[in-house]
Amino acid sequence: MQTSQKHKITGKCIDWPVQELESYCWPPNQSLEPYQSGSDDGSNNVQHSVPNLERYCTLDSSSSMQNSSSTASFSPDGSPVSQQNYTYPLDLHHSPENTCASPISGSCVIDNENDLGLMIRQLETTMLGIDSGDLDLHAIAASGRATEVSVEAERWKYMKEMMARGDLKELLCTCAKAIESNDMYMTDCLIAQLRQMVSVSGEPMQRLGAYMLEGLVARLASSGSSIYKALRCKEPASPELLSYMHILYEICPYFKFGYMSANGAIAEAMKEESRVHIIDFQIAQGSQWLTLINALAGRPGGPPSIRITGIDDPTSAFARGGGLEIVGQRLRKLAESCKVPFEFHAAAISGTEVQLENLGIQPGEAIAVNFAMMLHHMPDESVDTQNHRDRLLRLAKSLSPKVVTLVEHEANTNTAPFIPRFLETMGYFSSIFESIDVSLPREHKERINVEQHCLAREIVNIIACEGQERVERYELFGKWRSRFIMAGFTPSPLSPFVNATIKTLLQSYCDKYTLEERDGVLYLGWMDRAIIASCAWRC
């Protein structure tokens, strides 16, 4: 750790305590029940549509929205004024000076008619001997309606003050809470306000807020899954996307240093082996193995023969401009230039479908299994009865590997309920966006593309989707530790040489990046927030 105060990473990984959640949402004892508006036939109907959602979209969610005619604004005194056709009760106290037209139902207003009714009942009690209990009940009901009006007034006063503060984090959280509580009128007001505050070209929180707001809008429209798939299919041509990914890889050392530490663990485990088989469960571009092949080429006594099994979902072909054979050709060309015996075995298959026969295991080879930014995409016991997350660990264990490496996001978005997950996402990605701002000038023409094509899709999926549609399911290292131990693995601490090498290289980056090694696990972070955890395991 390079800061003066050591950061203690615990199971609670958000930037502020969970108990502070209410301070970002509603004041104490404030109801979030949906508003009721009068319909044309005089009956009350709960409004469940968010007006004009298509005007709030920054990505591709607009195609999934339904048009609505209502809008929301605020009067000069801060009270909500809706353009919906609310039906108001007769209010004998109404005057031109009374401009606060809050959308409340007739049951929330006490007028002269109520006073008249009360006097009539009092007269009936005196003359006819009606049970005084009826009078008490009526008085209590009238008092309750008055309290209801008071609560609503306080709530809108709080909303006015919150909007005046202009705290983007507070407004985003309040909007998420309104959505969770199905308060569609309040949601509409907040989305309209937030749209004026976020920007994909602004400060880090404004940029992150734009994508988080997009996730909230997509959650309302149940379009998160379609956006996630659309962004994957509508990526730029592979050379452009590779350029964006390379920029992110270079300016933010999180992924690079995670891969480097995994390579160091594999090189250490294979230093005496002559035949090495690396099974990469999500090989992507294969960039991780370029440095390892170079390193093994200079090994004393000569390089081993290397065989790499590259597994990847066939839908990832868009990022390469073709199938896995492109990765094989690239790695084979490098191995030939380094005079390293090399083979490549492609397995274009989803991780949920991988079986032993797909791995091409051969006798006499030392096996290394690599899980780099892959396992969090696998559904676990909370999503699927097959629990592919743990199944793949058991499959790896059955191979008796020399080493298994894990590189994962240090965050909790898997089983966390919506609001804690929303806060976790905000805290985690705000650190990443801040680090991008330091490494890449805000006016850099490619920065928006880097953030939109490499980060936004994950943010929207975490916020907008549930169940099997939510595939970005990060877990804290404590949970991964339990899974590995349950599968029969024991920790294999990274060597001091690997740690020292990474610490030296990190010095070329901003001093706000932090590196901490605890119990054999390497944590790379931004300031006081851990971002990536990297570790190794053995049978």
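Every residue, even glycine, has its Cβ placed from backbone N, Cα and C.
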Segment assigned the feature region 'Leucine repeat II (LRII)' in TrEMBL (from 326-358, 392-424): 326-358
Given ranges 176-180, 276-280, 436-440, 506-510, the stretch to which TrEMBL attaches the annotation motif 'VHIID': 276-280
Cβ contacts under 8 Å made by the region 'Leucine repeat II (LRII)' (326-358) with residues that lie 6+ beyond its boundaries: 281-283, 285-286, 289-290, 293-294, 296-297, 303-314, 317, 320, 374, 377-379, 386, 388, 392, 395, 398
Across the motif 'VHIID' (276-280), average pLDDT on the 0 to 100 scale: 98
Cβ-Cβ under 8 Å with the motif 'VHIID' (276-280): same-chain residues at least 6 beyond its ends: 266, 270, 286, 288-289, 292, 296, 304-311, 359, 361-362, 365-370, 372, 396, 399, 401
Counts by DSSP class (helix H/G/I, strand E/B, coil) across the region 'Leucine repeat I (LRI)' (166-226): 46 helix, 0 strand, 15 coil
